[in-house]
Structures are given as C-alpha cells and as structure tokens.
Amino acid sequence: MNGMHVLEVEHLNIWEERSGRVLVHDSSFRLAQGECLAIVGESGSGKSLTCKSLMRLNRTGVRQSGFVALNGEDLSKLSDKEMRKFRGRRFCMIMQNGMSAFDPSRPIGAHLLETLGVHFNWSRAEMETRLTATMSSVGLKEPAVVMRSYPHELSGGMLQRVMISLAIVLEPDVIIADEPTTALDAVTAYEVVEQFMRLRERLGSAMIFVSHDLGAVRRIADNVLVMKDGGVVEHGTTKNIFAGASHPYTRYLVSSKQAMSRHFEQLMGDADVAKG
Amino acid sequence: MLGYALKRIGAVIPLLVVISFLTFILNGLSPMDPAEVVLHAQGVPTITEDLIAATRSELGMDRPLLARYWDWLLSCLQLDFGSSYVSGKPVWSLLGPALMNTLNLTLVSSLFIIVLSIALGIVCALREGKWLDLSVRSVSFLLTSMPSYWLSALMVWYFSVKLDLLPTSGMDSHLSYVLPVAVIVIGYAGLYFRIIRSSMLSNLNEDYVLYGRACGLSERSLTIQVLRNSLQVAVSVFGLAIPVILGSTVVVENIFAWPGLGTLTVNSILNRDFPIIQAYVLVLAVAFVLFNTASDLLNTAVNPKLRKGI
Ligand SMILES: Nc1ncnc2c1ncn2[C@@H]1O[C@H](COP(=O)(O)OP(=O)(O)OP(=O)(O)O)[C@@H](O)[C@H]1O
Ligand SMILES: [Mg+2]
C-alpha cells in the first residue's frame, strides 16, 4: 500500500461493549519513518485507549474497529499469536509509571531477559552484554546492580531509563510512550525527554509521545494530534500548532501551558550551559 | 533473614508473657470465689467459711498475686496446668489429647480450605464474569450463608442416616473426618476463595501485566507473575485463618461429638472448671501468636518489598 508510512490508522473507533458508549471515534493518523507524533488532550480524552488499541491491548469489554497497519500490514488480520510476536519486537511501549510497570516480586533483569528471550535467539551472555551497553548509554550507572534490583529499589527516572534501554535493544518500528514523564519530577522529566530524543536519533523509529507537558512536546514532536472527548480536534505540525492553532481548544491548551514550560525550559537551558 | 527471624521470635516473648498474665488473672474475674467453686464442683454438701478458708490455703490462693503467677507460669511451661476441679485429673491429661484431636481436625480442614480456595480463586479470576465464575460464586455464597449446625444436621441426615455411608459422630476412623471437615471447609472456603480471587483480579489489572503483554510475554508467564503476587496475600490471610479455624471448631465438635478442645471447653464452661478454661485460653492464644509469627516470617521470605526493610 503506502510504503512511506510506518503506521497507518484509519477510522479507529473504540467503544465499551456492554454500554455501547463510544470512547474514541473515527480517529485517523499516519506516522512516517522516524516521525514523532505527540498526542495531547485533557484527561479522559482517549489517548491511552488509542495507544493500547494499536497493539490490541485493550481490556476485554473494550472493542475496537478500523484499520491499523504497520508497514502496510493490516494488524486486525493477525491472530493473537502473531500479534504477540509484534508486541515488544515491532511496537515498544514505555509506561507512565515505572514503579508499577514491573513485576514487584522479580528483579528487573528477569523481565528484561524474558522479553529478549521471547523475541531473539540470543544466548544469555549476549543479552546481558547488549542490555548492559544500552543501559550505560542512557545514563544508568552500574547496569548489573540495576538488573539485580527489584522495582521498588529503583527510582521512577531509573525505571523509565530501563524501559528506554529495553526499547533500544528491541529496535522496534514504533515506540509508544504514554505519558512517560508525568510521574517524574521536573528535572528528571527533562532528562528523560532528552533520552527520548536520543533514542529517536539512534533507532530512527517512529514514535507516539503522549504527554501533558507541552514543553516536552515542543522539543520532541514533529507533529501534534489534539484529542478531546474521544475525537481528534486538530492535527498539524508542531510549529503550526504552537504558532497559531485553528481550534479554540488547542489554543486554550497552548496558551495555558506555554508560559509555564517556557520558564522551565529557560531554567534547564541555563543549567545545561553551566554544566557543559 | 535469620537475624530478622530471631528478632521477630524474640519480640513474641513479651507478648506471650502479657497473654499468660491476662489469662492468669482471668480466673479472678469470676464472680465466685475459686475456693467455693472447687467445693461446689467437688459436690461438698455444706460449705462453711472455715472450709473455704482451708481450701484457699490448700490451693495456695492466699499468697500474693505475682508469686502465684510466677509459680503458675513455671508449671505451665512444664505443661502442668493444675488439676481439673471436677474430675481431679491433671488438666494436661485432658487437654493434651483433646488439643491433638482438634489440631488434626483443624489442619486437615485448613489444608482442604487452602487448596480449594486457591484453585477456585485462580480459576474464577481467570474466567471473571463467565458462567463458571458466576456459578462458583453463587454456589459458594449459598453454602457459606448456611449456619453450620443446620448444614451439619442436613449432612448427617443424608450421608449417615439415609445413605448410611458415614459415621454420625465420634472419631473412630478416617471416615469420621469426612463430615466435620466438610462442614468446616464449606463454612470457610467461600470466604477465603473470594479473597484469593479479588487479589488475583486486582493484580491482573496492574500495570505490570499490561507492560508484560506489551513486551510480548506469554499469557502463561504473566499468569505465573500474577499468581506469585496474589499468593503473598494468601500467605498472610491463611496464617491468620488457621488459628481462627482452630478456635471456631467448637460448634462442629459439639455437633459431631468430636473429642477435641471445643467439646472439652463447653463442658468445662458449664461446670465452671476454671483450670481447664484457663489452659484452653492460654493454649489458643499461644497458637494464635505462633501461627501469626510463622506466617509473618513466611511472608517476609517470599515478598522482596518486605524483605528490604529488615
Ligand atoms: N477498560 C475500560 N472500560 C471502559 N471505559 C474505559 C476503559 N478504559 C478507559 N475507559 C474510558 O475511556 C475514556 C478515555 O480513557 P483514556 O485512558 O484513553 O484517557 P486518557 O486520554 O489516556 O486520559 P489520561 O490523560 O487521564 O491518561 C475515559 O473516559 C475512560 O473512562
Ligand atoms: Mg492515559
């Protein structure tokens, strides 16, 4: 079909089976190779549902229809088993809260090795070498200690970096990050966004970046999709959206958050200059 | 971990001292003078003031409280709980075998309760809202809400009288276990299976299951993760459940004439046989504390989050 686009979503509808309540209606967007699309919108507007539906991960009781294609392959035609092979390998998810994203009773390393074991035929030593290398590259000191730690022994920022380094090893076509910085303090969030920018440069993967932090969106995204009440109200380049959005809701979002994020960016910019 | 275990066990000792002291003074809370009770229990026809005073000094009751407590505690540690007021036999010779019988009944029942509630809890959680889940829940609701004496009567009538398959009472063979165990299991499994089920469900909705799925992990592996985390709840729940079941066998024991603690205690209460009641309360309280400590230690051993704090 269209070789240009990594991900195509057409007329995505999501509804609750029991009540028939429509949660997302007629959402369409495309991602080119290496593109970063930010999804913004108020709480409950359907951002997370949209992300999960791309990987067919919505709970039982939530149904979806529409066309979702990865590199031209219609995902709705895949069996559950085939879809599972896509998860992690072709799509990588980065969760909002690292603290709850890992099994609390297992060391982090167990999850990482199991995931790699599902997708690759690498030896354990090879997996560990790759993980250690990427972990150091995203700023995790002592990767071996991190691998042996339980989730509650690490900070939110560290766990976010762990998920990022797993994504780097997996080299997916699309990375889906659902509010990856919301649970972090401002400084850590800034650094994690930095890691996301490097991740994009390094892998050239397309990325969906859901965030409330318009400062981060502005730094990282090429295009922005604005959602409200389950519908797409605006879709355009980041520059245009921030320069002058056509939809009043977008204008409201941009104006209310811009002042704050600009101030913070300046602050962090100064800090970077001082450090470097 | 070993250090923590020792510390935890060390902390139990003061608790046991407090419990034993409370049990000891429990005796003094009776409205009747113990000496008088002894005389009544022994069937003495006319009780005079002199007789009471004589009995008091004979039983050592005129000495200071702490001295009596100390002596009592020392003898309790040697399983000497005094003699029954009624039969005059040593309390332990009555309580010991009864305790063993009750423990047997409790442990067999607990084993079935644990296995059944874990199995049902898992199956129902994995089939949440499907017909299997719904039917198991309604049947268990129905059974749990039946009073145990009524259920026992029903079962005795059907299995013992009508079908003549099982003994109605007593403890003669393995078959004697079937009915009492069934009644206890039916009374408790419903409750504990619900706890396991809801703990499984809340784990299934956790982020780590979503992330695991998003990473392509198999459903089997995710189920094992959820199970391990849910069983941590189960360990503490069952650690507390076993002493509760131990204490609640009274009704069932009396219905089925099970020669256990329940039967012994009810008789002793009716006869105001204080040494036995005292020993029963003490033994049960100690069992409660011990089971609780054991489950706590087990929990710490399997839960890394708790393990960290030690
Ligand atoms: N499993 C579900 N069953 C039924 N309704 C759901 C389910 N999950 C989400 N919803 C509903 O769908 C709507 C969109 O939810 P979603 O989680 O996508 O919001 P969101 O845009 O990610 O919000 P937030 O910024 O708070 O994360 C909400 O109104 C929510 O109540
Ligand atoms: Mg969300």
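Heads up, the Cβ atoms here are built off N, Cα and C, so glycines get one too.
Residues or ranges marked as transmembrane segment by TrEMBL: B:12-30 (among others).
Marked as domain 'ABC transmembrane type-1' by TrEMBL: B:99-295.
Here the transmembrane segment (B:103-126) has Cβ contacts under 8 Å with residues 132-133, 136-137, 140, 177, 180-181, 184-185, 188-189, 192-201, 204, 223, 227, 230-231, 234, 238, 241-242, 245-246, 249, 252-253, 258, 260 of the same chain, all six or more residues outside its ends. Annotation source TrEMBL lists transmembrane segment at B:103-126 (among others).
What TrEMBL records for B:138-159 (among others) is transmembrane segment.
Per TrEMBL, the feature transmembrane segment maps to B:174-193 (among others).
Long-range neighbours of the transmembrane segment (B:233-257) within the same chain, counting only residues 6 or more positions beyond its ends whose Cβ lies under 8 Å from a Cβ of the stretch, are 102-103, 105-107, 109-110, 113-114, 118, 148-149, 152-153, 156, 168-170, 176, 179-180, 183-184, 187-188, 192, 195-196, 199, 263, 265-266, 284, 287-288, 291-292, 294-296, 298-299, 302. The transmembrane segment annotation in TrEMBL covers B:233-257 (among others).
Only residues 6 or more beyond the boundaries of the transmembrane segment (B:277-298), in the same chain, are considered here, and those with a CB under 8 A from a CB of the stretch are 4-5, 8-9, 12, 15-16, 19-20, 23-24, 26-27, 76, 81, 91-92, 95, 99, 235-236, 238-240, 242-243, 246-247, 261, 264-265, 268-269. Annotation source TrEMBL lists transmembrane segment at B:277-298 (among others).
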In terms of Cβ proximity under 8 Å, which residues at least six beyond the ends of the transmembrane segment (B:138-159) contact it? 120, 165-166, 168, 178-180, 182-184, 186-187, 189-191, 193-194, 251-252, 255-256
